[in-house]
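Undergrad: I'd like to ask some things about the structure below.
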Amino acid sequence: MNKKPLAIFLMGPTASGKTDLAIALRQTLPVEVISVDSALIYKGMDIGTAKPSKAELELAPHRLIDILDPSESYSAMNFREDALREMAEITASGRIPLLVGGTMLYYKALLEGLSPLPSADPEIRAEIEAKAEQIGWSGLHRELLAIDPIAGKRINPNDSQRINRALEVFYITGKTMTELTAQQGDSLPYNVLQFAIAPQDRAVLHQRIEQRFYKMMELGFQQEVEKLRARSDLHKDLPSIRCVGYRQMWEYLDGDISLDEAIYKGICATRQLAKRQITWLRGWNSEITWLDSLDPTSSKLKMIEKIAQNSIKL
């Protein structure tokens, strides 16, 4: 039986030092970096996403950044397909894929595969919405309870979006959302070493986030969002503009809040994102080696030692 090739996950909350550590590893190990970040995929969104600088990218080129226009959408399934392709290319060249980022849903999709849920069907969605106008979303929720009791109990009767999706899946496939999500996708054909980096003191992370946000403002974050807002095809409901920081700055430019409020809300939203990322990592089912952001040298050595223990020739 062929031995699975090695892949490395370097996960962690925003502002935890993932990029710096990835660059350090790139100077030592035969690795190629793949970004695992739902914001870095967008072109023209450099400052607010803390995208690696030109100098950093010269030291450690990142795959899967700047691959989409902000008007486009991107799913976990899209990421899995793209990442697997990039990983295969890297492995074929005799190097090791190093996947770096904080979008935990992408890691989960890559590691475990995806349930075979169908793509959205605009016609069926329109039919469901027309029916909702007749009997209300509460009526459709009762219909969902009859079709898929488990999903119906989990979904709030006022959550029209999720009710619509659950019914849409059933109308398209003839199977319930519960049935389909129980079907696991293909697992990742790699021997994966998983690392997570974060400061042991949460207050340090909060301080880093605040400092980084003010630094982004100095670098021209407001002007970056102004440029995006000047485009007629972009609006605040797009996934790209819903990224933390961008949404709050957009609200300021719309005149809904003051600049100070936008900065404060942006910092708070980023801290909340970091909290969700850490919570997800704490509940991660797979084995993770934790690294301390405040000791990057030790973190690098710890990763190298772990890789060596797995009989990988460096």
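Glycine is no exception: its Cβ is also placed from the backbone N, Cα and C atoms.
Sharing the features that Swiss-Prot gives for it:
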{"type": "BINDING", "residues": "Gly12, Pro13, Thr14, Ala15, Ser16, Gly17, Lys18, Thr19", "note": "ATP binding site"}
{"type": "BINDING", "residues": "Thr14, Ala15, Ser16, Gly17, Lys18, Thr19", "note": "substrate binding site"}
{"type": "REGION", "residues": "37-40", "note": "region 'Interaction with substrate tRNA'"}
{"type": "SITE", "residues": "Thr103", "note": "site 'Interaction with substrate tRNA'"}
{"type": "SITE", "residues": "Arg125", "note": "site 'Interaction with substrate tRNA'"}
{"type": "REGION", "residues": "161-165", "note": "region 'Interaction with substrate tRNA'"}
{"type": "REGION", "residues": "242-247", "note": "region 'Interaction with substrate tRNA'"}
{"type": "REGION", "residues": "275-282", "note": "region 'Interaction with substrate tRNA'"}
Undergrad: Pull the DSSP breakdown for the region 'Interaction with substrate tRNA' (242-247) and write it out as helix, strand, coil residue counts.
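TA: Counts, helix then strand then coil: 2 helix, 0 strand, 4 coil.
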Undergrad: What are the other residues, in sequence order, whose C-beta lies within 8 angstroms of the center of the C-beta atoms of Thr14, Ala15, Ser16, Gly17, Lys18, Thr19 at the substrate site?
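TA: Near the substrate site, the remaining chain residues are Gly12, Pro13, Asp20, Gly102, Ile197, Ser293.
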Undergrad: Highest Cβ count within 10 Å among the recorded positions Lys18, Arg125: which residue is it?
TA: Lys18
Undergrad: Relative to the mean position of the Cβ atoms of Gly12, Pro13, Thr14, Ala15, Ser16, Gly17, Lys18, Thr19, the recorded ATP site, which additional same-chain residues have Cβ within 8 Å?
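TA: What remains near the Cβ centre is Gly102, Ile197, Ala198, Ser293.
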Undergrad: Tell me the Cα distance separating Thr103 (site 'Interaction with substrate tRNA') from Thr19 (ATP binding site), rounded to the nearest angstrom.
TA: 14
Undergrad: For each of the recorded positions (Thr14, Ser16, Thr19, Thr103), count the other CB atoms lying within 10 A of its CB, then report the residue with the highest count.
TA: Ser16
Undergrad: Are there any residues at least 6 positions away along the chain from Pro13 (ATP binding site) with a Cβ closer than 8 Å to its Cβ? List them or say none.
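TA: Sequence-distant Cβ neighbours: Gly102, Ala198, Leu205, Leu273, Ala274, Lys275, Gln277, Ile278, Leu281.
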Undergrad: Looking only at the region 'Interaction with substrate tRNA' (275-282), what is the mean pLDDT?
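TA: Averaging the confidence scores along the region 'Interaction with substrate tRNA' (275-282) gives 95.
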Undergrad: Please identify which of Gly12, Gly17 has the densest Cβ environment, defined as other Cβ atoms within 10 Å, among these binding-site residues.
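TA: Per the Cβ count, the most surrounded site is Gly12.
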Undergrad: Based on DSSP, tally up the residues of the region 'Interaction with substrate tRNA' (275-282) by helix, strand and coil.
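TA: In the region 'Interaction with substrate tRNA' (275-282), the DSSP-based counts are 8 helix, 0 strand, 0 coil.
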Undergrad: Reported as an integer number of Å, what is the Cα distance between Thr103 (site 'Interaction with substrate tRNA') and Gly17 (ATP binding site)?
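TA: So the Cα of Gly17 (ATP binding site) lies 15 Å away from that of Thr103 (site 'Interaction with substrate tRNA').
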Undergrad: What does DSSP give as the helix, strand and coil breakdown of the region 'Interaction with substrate tRNA' (37-40)?
TA: 0 helix, 0 strand, 4 coil
